[in-house]
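Asks: Dropping the structure in here first, questions after.
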Amino acid sequence: MAQEVIKIRGGQALKGEVEISGAKNSAVAIIPATLLAQGQVKLEGLPQISDVETLVSLLEDLNIEARLNGKQLEVDTTQIENAPLPNNKVESLRASYYMMGAMLGRFKKCVIGLPGGCPLGPRPIDQHIKGFKALGAEIDESSNTSMKLVAKELRGAHIFLDMVSVGATINIMLAAVHAKGQTVIDNAAKEPEVVDVANFLMSMGADIRGAGTTSIKINGVEELKGSEYQIIPDRIEAGSYMCMAAAMGEEVILHNIVPKHVEALTVKLQELGVDIEIEDEKIIIRKQTPYKNVDIKTLVYPGFATDLQQPITPLLFMTEGPSFVTDTIYPARFKHVEELQCMGANIKSDEGTAVIKPSTLNGAEVYASDLRAGACLITAGLIAEGVTTIFNVKHIYRGYTNIVEHLKALGADIWTETV
């Protein structure tokens, strides 16, 4: 069966400007959250990625009028109907689990297929389930393919998350906005995307305090009205381009960026020796090799993002000594290691840590096992001698808007082919 691949002839310097898209991890929660509104919602600054299109079509399955036009989405929930969503759309996208919290909040009932997304090892939704049960939902998990959630009424509760989880924090917020009384989420995730979703819900009339801290309080309200809302810039897309620019950038200017959101990466790149200029809403990066070796450990926000662990790895082949990368969030997130070895990289991983030594990369045929592994392989392809062919590019398109066109505009020798 024919499939699209991305090809890169490495060694070309990057120069120019890139506009960073809206945050994927905000958009995939805010789009389901629109179904909580009574009336019309307008979202601006959406990333133009396949995950957004999938979620919009899930809204349409609930008889919601949804018009997606580039970065803008208009939603009208006037004719909304509760319908089961156990279908292949849900399986293709992990963030479809936000439909659970939103539908539970709106209808007190939902039937939904089990979510999919990137295969990153264990990513259970047990904390989501724990939160829904605390709010009064009964959950039927007897089916292998779908889950049924029903609540006679939703009541505020004190919920302590056993592990910090962005998904669970947001999903419980969605379910709790209409619950009677006050809900408290302790050990809540502090990520900018959590704050963004809370700000969106508040723009519709929700009563939420403490988003961005470890304790979030939600006082249930009867009704949420429509609103207009602009999504924050994508810190992971920004970080991925920062890594590509540090690898091959003569001078790359990134616009629509919140420097505070990428602080952990910026500090690590400066440790490496990258030349970085930071302004209000833009960052300028110039390559400055050879780089110093560094150690990286992923942590929850504001620590180093697990989503940037893979994109930064190719830079560590350009250093003077060995570097160590440890992923404490998803210890199984090292499927890119084998692909980099195919390119001649001196890299090994074991039990959540990769050891990376200076290496010369050569073009090869490689497979993107997940979204951020795809960004890693693109960066590796930009550095490598010869042509790199990346298969399984659907993962890359799930999270990066027009990445091939952006890199081409910066001067990369990159193109797509059908094979």
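For all residues, glycine too, the Cβ spot is worked out from N, Cα and C.
Predicted, not measured: the structure shown is a model, and the values here were computed from it.
Feature table excerpt (Swiss-Prot):
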- C118: active site, proton donor (ACT_SITE)
- K24, N25: phosphoenolpyruvate binding site (BINDING)
- R94, R123, P124, I125, D126, Q127, D307, I329: UDP-N-acetyl-alpha-D-glucosamine binding site (BINDING)
- C118: 2-(S-cysteinyl)pyruvic acid O-phosphothioketal (MOD_RES)
Asks: Once the chains shown are all counted, how many other Cβ atoms turn up within 10 Å of the Cβ of P124 (UDP-N-acetyl-alpha-D-glucosamine binding site)?
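Replies: Its Cβ has 9 other Cβ atoms within 10 Å.
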Asks: Based on Cα distances to K24 (phosphoenolpyruvate binding site), point out the closest of the binding-site residues P124, I125, Q127, D307, I329.
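Replies: Looking at Cα distances from K24 (phosphoenolpyruvate binding site), the smallest one goes to D307.
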Asks: Once the chains shown are all counted, how many other Cβ atoms turn up within 10 Å of the Cβ of D307 (UDP-N-acetyl-alpha-D-glucosamine binding site)?
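Replies: Other Cβ atoms within 10 Å of D307 (UDP-N-acetyl-alpha-D-glucosamine binding site): 22.
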Asks: If you skip the near sequence neighbours and keep only those at least six away, which residues in the chain come within under 8 angstroms of I125 (UDP-N-acetyl-alpha-D-glucosamine binding site), Cβ to Cβ?
Replies: Y97, P115, G167, A168
Asks: Can you tell me the CA-to-CA distance separating N25 (phosphoenolpyruvate binding site) and D307 (UDP-N-acetyl-alpha-D-glucosamine binding site), as a whole number of Å?
Replies: 11
Asks: What are the non-local neighbours of I329 (UDP-N-acetyl-alpha-D-glucosamine binding site), defined as same-chain residues 6+ apart in sequence with CB under 8 A from its CB?
Replies: T298, L299, V300, T306
Asks: At a 10 A cut-off on CB-CB distances, which of the binding-site residues N25, Q127 has the highest count?
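Replies: Output for this query is N25.
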Asks: Counting all other Cβ atoms within 10 Å across every protein chain shown, which of the binding-site residues K24, R94 scores highest?
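Replies: Answer returned by the neighbour count: K24.
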Asks: Among all protein chains shown, how many Cβ atoms are found within 10 Å of the Cβ of D126 (UDP-N-acetyl-alpha-D-glucosamine binding site), not counting that one?
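Replies: Counting Cβ neighbours of D126 (UDP-N-acetyl-alpha-D-glucosamine binding site) within 10 Å gives 11.
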